[in-house]
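Undergrad: Supplied in structure tokens, the structure appears directly below.
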Amino acid sequence: MSRAQLTRTGILRMALGGGGAADPLLPAEGGEGGRAPFLLRALRIAVVVCLYWFTSIAMVFLNKYLLDSPSLRLDAPIFVTFFQCALTAALCLGLSLGAACGPPCPGLPALRLDPKVSRSVLPLSAVFIGMVTSNNLCLKYVGVAFYNVGRSLTTVFNVLLSYLLLKQTTSLYALLACGVIIGGFWLGVDQEGAEGTLSWTGIFFGILASLCVSLNAIYTKKVLPVVDGSIWRLTFYNNVNACVLFFPLMLLLGEFRTLYHFDKLGNPSFWGMMTLGGVFGFAIGYVTGLQIKFTSPLTHNVSGTAKACAQTVLAVIYFEETKSFLWWTSNLMVLGGSFAYTWVKGLEMRKVQEDPNVKSSERNDTGV
């Protein structure tokens, strides 16, 4: 994922898969979908998966254009991220106002800015800013084809932080899968260096993005009670806080001066692309939730791994790049390790859920 695919996606995924408030825009469990004919359900799942793939891949390519296009020549990554956060907050507010004017929708709460709640969410917002900014900066400095490998250590940080902060141990098979991911990451870095396309700045931000994604999931679980378990309120406050905090960053990095001298600042097509990027960034959370609802968190992770593979192949074809055998091997190692980890954790979760001697709290702590 890019600003990606992990900005609001990680938050929404946790809420849907881990007991957060129900999403009013998603189909209810046990409704007509459960009684639909097999062919209709299969078609519905195929449409949802294709929608997730299209939204996710399109967002990465669009963000790459906004962040590092030779034709656009806009060196203001913080501004791009700020605009997307502002648009997300506006869309959340718009949906809330629309729900207030239409039929009652208890799952979609009325949104208003409470300074006390905003301060409580601030620690998470700091991690959130680190996540979305480092994701975009990684994409700016590395190619789309290498982007998945560049920020592939999220799973490894999940295991590490689970042990350091939550004192949760990980099975040997899951650790072996993490070892494959680390090996693929280092092989990918080596091959990028051999081809002369390695950016250590991009690698740094990729590692930072992986760390922030893991921290974001942990802090989200702690902060959700502050917003009454509402993922919409949390998304709103996170993005409003981010907009405020981005201003001094843009000032410090001189991006206001860059924007002043930007020759396409009054170009409608530029703002159209910026708006489209923000809409895709908002939509990825929704389509991720749809995919989880119609399949499962485990299937969603498998679909995300397959999507990353397709994204890499498309990037190599679109940018007319030539990659070595070992470069492809590094990608396969990362994808294979990620799939193996998902499969192992899925089996472990199933065993825990089927064991009547396991406490319910331990079941909730077992993730995919």
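Heads up, residue numbers simply count up from 1 along the chain you see.
Using the three backbone atoms N, Cα and C, a Cβ is placed for every residue, glycine included.
As annotated in TrEMBL:
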DOMAIN    44-341  domain 'Sugar phosphate transporter'
TRANSMEM  45-66  transmembrane segment
TRANSMEM  78-100  transmembrane segment
TRANSMEM  121-143  transmembrane segment
TRANSMEM  173-189  transmembrane segment
TRANSMEM  201-219  transmembrane segment
TRANSMEM  231-250  transmembrane segment
TRANSMEM  270-290  transmembrane segment
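What's the neighbourhood like for each of these?
TA: Tertiary neighbourhood of the transmembrane segment (45-66): same-chain residues 1-5, 72, 74, 80, 136, 139-140, 144, 147, 273-274, 276-277, 280-281, 283-284, 287-288, 290-291, 294-295, 303-304, 307, 310-311, 314-315, 318, selected by CB-CB distance under 8 Å and a gap of 6+ residues from either end.
Outside the transmembrane segment (121-143), and at least 6 residues removed from its termini, the chain residues within Cβ reach (under 8 Å) are 1-4, 6-7, 10, 60, 63-64, 67-68, 77-78, 80-81, 84-85, 150-151, 192, 197, 199, 201-203, 205-206, 208-209, 212-213, 215-216, 219-220, 222-223, 226-227, 234, 237-238, 241-242, 245-246, 315, 319, 321.
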Undergrad: Can you tell me which parts of the same chain pack against the transmembrane segment (201-219), counting only residues 6+ beyond its ends and a CB-CB cutoff under 8 A?
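TA: Sequence-distant neighbours of the transmembrane segment (201-219): 6, 10-11, 14, 123-124, 127-128, 130-131, 134-135, 137-138, 140-142, 146-147, 150-154, 156-158, 160-161, 165-166, 189.
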Undergrad: Which whole-number mean pLDDT does the model give the domain 'Sugar phosphate transporter' (44-341)?
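TA: Summing pLDDT over the domain 'Sugar phosphate transporter' (44-341) and dividing by its length gives 89.
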